[in-house]
Ligand SMILES: Nc1ncnc2c1ncn2[C@@H]1O[C@H](COP(=O)(O)OP(=O)(O)O)[C@@H](O)[C@H]1O
Ligand SMILES: [Mg+2]
């Protein structure tokens with residue numbers, strides 16, 4: 001009773017007054033599927049695939065020309081790494097890029113097998129050979145850039161090449177073991193990897209790599225990690241944050257929702273709901289190019305409009 005009498009009931013004044021409401025409680029969609037992201041995908045730039053949306057529904061993308069020639073995706077098992085690679089690859093293929101999958105697990109991107117501009121390396125020797133070809137291609141393209149009198153970005157280097165590198169940690173360790181069996185002085189897959197990481201930007205050769213834990217040792221050197229200027233973290237530990245997002249302030253807790261994580265770049269971590277494409281949708285997008293809107297039969301369109309109307313009504317009731 002004493003408590004009630006002395007309690008300050010003017011809630012407008014107090015310890016919390018003047019503080020902003022945390023933005024992490026904003027409206028993230030539970031799922032960002034192909035249907036709802038179609039327009040955002042269509043309006044993404046040729047070199048800037050859509051990654052997802054932020055809590056205000058705004059697109060979060062990564063520009064491979066300007067922000068970050070290479071992207072690192074770090075997440076625990078089941079954290080959505082392959083789904084992120086799938087949506088980046090499908091969008092890049094839709095825009096005329098070539099994609100090279102390096103996948104020791106062999107089946108992470110079945111959807112891409114047989115696509116005209118996708119190449120798949122699924123064994124360690126194949127991955128080694130693919131990296132060497134890519135490294136040599138980077139050198140060839142850099143000679144083209146060097147000889148070209150105009151602006152670097154207009155040099156006729158050929159189609160953009162995106163390398164989807166699964167399981168970087170395991171692959172690197174095994175490649176290093178194989179390298180010891182090669183003749184001394186060979187141009188190895190590790191050399192090629194470094195060359196792509198350091199010279200890929202002008203050559204339009206980009207690596208999107210997946211690691212469960214991207215330690216310096218796993219990447220083959222701290223200087224290599226610096227070339228991944230965009231780092232995506234999902235299902236991460238405090239230790240992973242300290243390693244990869246140290247420039248983004250104090251560790252923020254890992255979001256628990258499916259397909260949710262952080263896109264870290266230039267000292268800022270943006271919470272993002274990542275795009276989810278099914279394997280069929282990814283293949284369709286990659287094959288057909290981006291289509292802003294599928295022309296559906298009139299009856300289906302009417303049905304969808306009615307359903308959207310009902311949903312809006314339910315949502316507005318829910319918010320009262
Ligand atoms: N963006 C997303 N939205 C919704 N569900 C997702 C998303 N990303 C992943 N998932 C779910 O998590 C599962 C595991 O994702 P996956 O990319 O295979 O994980 P990882 O490669 O990190 O082991 C998917 O099969 C899917 O069910
Ligand atoms: Mg995976």
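Quick reminder: no glycine exception, Cβ is built from N, Cα and C everywhere.
Just so you know, TrEMBL annotations are computer predictions that nobody has curated.
Listed in TrEMBL for this protein:
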type: DOMAIN; residues: 57-243; note: domain 'FtsK'
type: BINDING; residues: 75, 76, 77, 78, 79, 80, 81, 82; note: ATP binding site
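According to DSSP, residue 76 (ATP binding site) sits in a coil region rather than a helix or strand. Apart from 75, 76, 77, 78, 79, 80, 81, 82, the ATP site neighbourhood in this chain, defined by C-beta within 8 angstroms of the site C-beta centre, holds 212, 234, 235. Per-residue confidence over the domain 'FtsK' (57-243) averages 94 (mean pLDDT, predicted model). Taking Cβ-Cβ distances under 8 Å and a sequence separation of 6 or more, the neighbours of residue 77 (ATP binding site) in its chain are 212. Listed in sequence order, the binding-site residues among 77, 80, 82 whose CB lies under 6 angstroms from an atom of ligand 2 come out as 82. The 10 Å shell around the Cβ of residue 78 (ATP binding site) contains 10 further Cβ atoms across the protein chains shown. Of all Cβ atoms in the protein chains displayed, 23 besides its own lie within 10 Å of the Cβ of residue 75 (ATP binding site).
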